[in-house]
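Structure first, commentary second.
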Amino acid sequence: MSGTVILLFGATGDLAKRKLFPAIYSMYREGKLGENFAVIGLARRPRTNEQFRQDVLESIQEFGRYKSVGDTDWTSFAERFNYMPLDINDVNGFRQLRVLVEELDGKYETGGNRLFYLALAPDLFGSVSFNLRDGGLLDTKGYHRLVIEKPFGYDLESAEKLNAQLRQVFEEKDIYRIDHYLGKEMVQNIEFVRFANAFFEPLWNNKFIANVQITLSETVGVEERGGYYDKSGALRDMAQNHMLQMLTMIAMEPPSRLHPEDIRDEKVKVLRSLRGFASAEDVRENVVRGQYGEGELKGKPLPGYRSEPNVNPASATETFFAARVFVDNFRWAGVPFYVRTGKRLPVKTTEIVIEFKNVPDNVYLSRKHSLEPNLLVFRINPMEGIYFKMNAKQPGSEGVLVPVALDFCQSCVVGINTPEAYERLIHDASRGDSTYFTRWDEVAHAWQFVDQIADAWTKLGSEDLAFYPAGSWGPKRAQELLENDGFKWWPVNGQHEGEVHWETTTSAAKPEANVLA
Ligand SMILES: NC(=O)C1=CN([C@@H]2O[C@H](COP(=O)(O)OP(=O)(O)OC[C@H]3O[C@@H](n4cnc5c(N)ncnc54)[C@H](OP(=O)(O)O)[C@@H]3O)[C@@H](O)[C@H]2O)C=CC1
Ligand SMILES: O=C1O[C@H](COP(=O)(O)O)[C@@H](O)[C@H](O)[C@H]1O
């Protein structure tokens, strides 16, 4: 790959420490960065190069995939890391930065290529872009790519303003909007499983699929991010981005070519086809919002959301969001997509369940047994794999039908060697592949959809906000959303002990584990 200088804004922050330094190191270890690269850490607080390198080392040792760093390896990696104190609002600082970048550009032969990674609060994105331009950092022959973190705005209006600022300096093709879910192995795998298997694609439509269920559940509360989260809530924090992105991957048409723009064109068509809400009442019927109160998880008592640090004690912010969503196009007409996400739920998991319709009135079987529907499950996070539930005769029985699970546990096979989402995304940005980044029109359509819900909530006040005990599966209405349609949420990893057997990679290894009780 061609060389690059990575300018990491927000280098003293949480994201840099937990995700970005370890990702850069893993990429280096695996040869994905080559030798022609350097990193400049930027933030206001003073650090020497040595202190900064020590921060990087500690972050790798605590959070990295490769926790042990060999001496030779480390020296050659660490010497590429430089730190410069800089206030985003000070254009003179950017002029000094230019001198440092040019020096490193020459030393590591990076060809004028620059990757600006903004691990910063979004209200600083505009200033950074203007000062990069005014400080002369874009005056080189090489590429100038801007990688930005979520949230991209608070609503459509603020996102448009932000985008307009960025576009005064950068072209759309050079803006890489991160949605780290798109960097997850199994999210990327959705299109391969869908489009590379003869037995799925023909069934992938409203004739054969009864519903789709997307769950992103977290056991954590808001941790130290109460200040941010209380203004955001589950709808903006998870649904506007990760959840809708996964929905597009499930619902999109096959792209004509595996070109980033073709794939993103198909995704945006799905977002455009999302059925809007006719009124606040319509939102109340199809959307559930909740907030966790006191509760317990695994015997440990947990405080309610309103008692979390930096949260308004009378907050009406939702920590749980569920909805019934429709994609109004030929393929998906009438198929409900049920989505839910929340903090302080019983398990940490992200799963997508495709529930197939039952076989048409199978006279022989349905008279004697109640058939379970076939399920295809993408296990995204934290374990990765694919699970397929089908019906078969119980071995040795007189025609007793049992559900059996074909369970491919990918993480059991590749373990910790799966690259982290941030590794993939930084690697992709450095080689100019924007497939798994969100294009502006995707972001805009996602906000348009989400704004309708947020506006309805403003109209409704907090009358439909339901409280749920920390450690439970959210408000009862989230169950009713499906029950009223004759469905139920399927168990997700860990919800029912004994149903899913992660330690089993093949049925030969442990045959009984593949038969559901
Ligand atoms: N942390 C996470 O897991 C995730 C974070 N994100 C997003 O990533 C971004 C960064 O998050 P996070 O690392 O948690 O935030 P932090 O608050 O931990 O870090 C913010 C960084 O910005 C720097 N900074 C703030 N103001 C200025 C300024 N005026 N000039 C220069 N530097 C400044 C701070 O350094 P200093 O104070 O030294 O100036 C610090 O390095 C946010 O947009 C967040 O929403 C997205 C997904 C997950
Ligand atoms: O973007 C975010 O994602 C995390 C969950 O990410 P995961 O990879 O651990 O599933 C979430 O906790 C956070 O609130 C949100 O901002």
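For all residues, glycine too, the Cβ spot is worked out from N, Cα and C.
Among the features that TrEMBL reports, domain 'Glucose-6-phosphate dehydrogenase NAD-binding' is placed at 8-189.
DSSP assigns GLY10 (NADP(+) binding site) to coil in the three-state reduction, outside any helix or strand. The NADP(+) binding site annotation in TrEMBL covers GLY10, ALA11, THR12, GLY13, ASP14, LEU15, ALA16, LYS17, ARG44, ASP87, ILE88, LYS150.
Among the features that TrEMBL reports, substrate binding site is placed at HIS180, LYS184, GLU218, ASP237, LYS343, LYS348. According to DSSP, LYS348 (substrate binding site) sits in a coil region rather than a helix or strand.
The domain 'Glucose-6-phosphate dehydrogenase C-terminal' (193-490) scores a mean pLDDT of 93 in the predicted structure. Annotation source TrEMBL lists domain 'Glucose-6-phosphate dehydrogenase C-terminal' at 193-490.
Around HIS242 (active site, proton acceptor), the C-beta neighbours below 8 angstroms that are at least 6 residues distant in the chain are ASP179, HIS180, TYR181, LEU216. Following the DSSP three-state reduction, the secondary structure of HIS242 (active site, proton acceptor) is helix. Sequence annotations record features per position, and here TrEMBL assigns active site, proton acceptor to HIS242.
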(message) Between all pairs in HIS180, LYS184, GLU218, ASP237, LYS343, LYS348 (listed as substrate binders), what's the biggest Cα distance, rounded to the nearest Å?
(response) 20
(request) Give me the largest Cα to Cα distance among GLY10, ALA11, THR12, GLY13, ASP14, LEU15, ALA16, LYS17, ARG44, ASP87, ILE88, LYS150, the residues the record lists as binding NADP(+), in Å as a whole number. (result) 21
(request) Return the members of THR12, ARG44, ILE88, ASP237 (the binding-site residues) with CB less than 6 angstroms from at least one atom of ligand 2, or none. (result) ASP237
(request) Quick one: of the recorded positions LYS184, GLU218, ASP237, HIS242, LYS343, LYS348, flag those whose CB is under 6 Å from ligand 1, and say none if nothing qualifies. (result) none
(message) When DSSP is mapped onto helix/strand/coil, what comes out for GLU218 (substrate binding site)?
(response) coil
(request) Compare the C-alpha of ARG44 (NADP(+) binding site) with the C-alpha of each of the binding-site residues GLU218, ASP237, LYS343, LYS348, and give the closest one. (result) ASP237
(request) Note down the number of other Cβ atoms within 10 Å of the Cβ of LYS348 (substrate binding site), including every protein chain shown. (result) 14
(message) As a test of the contact definition, list every same-chain residue at least 6 positions from ASP14 (NADP(+) binding site) whose Cβ is closer than 8 Å to its Cβ.
(response) GLU224
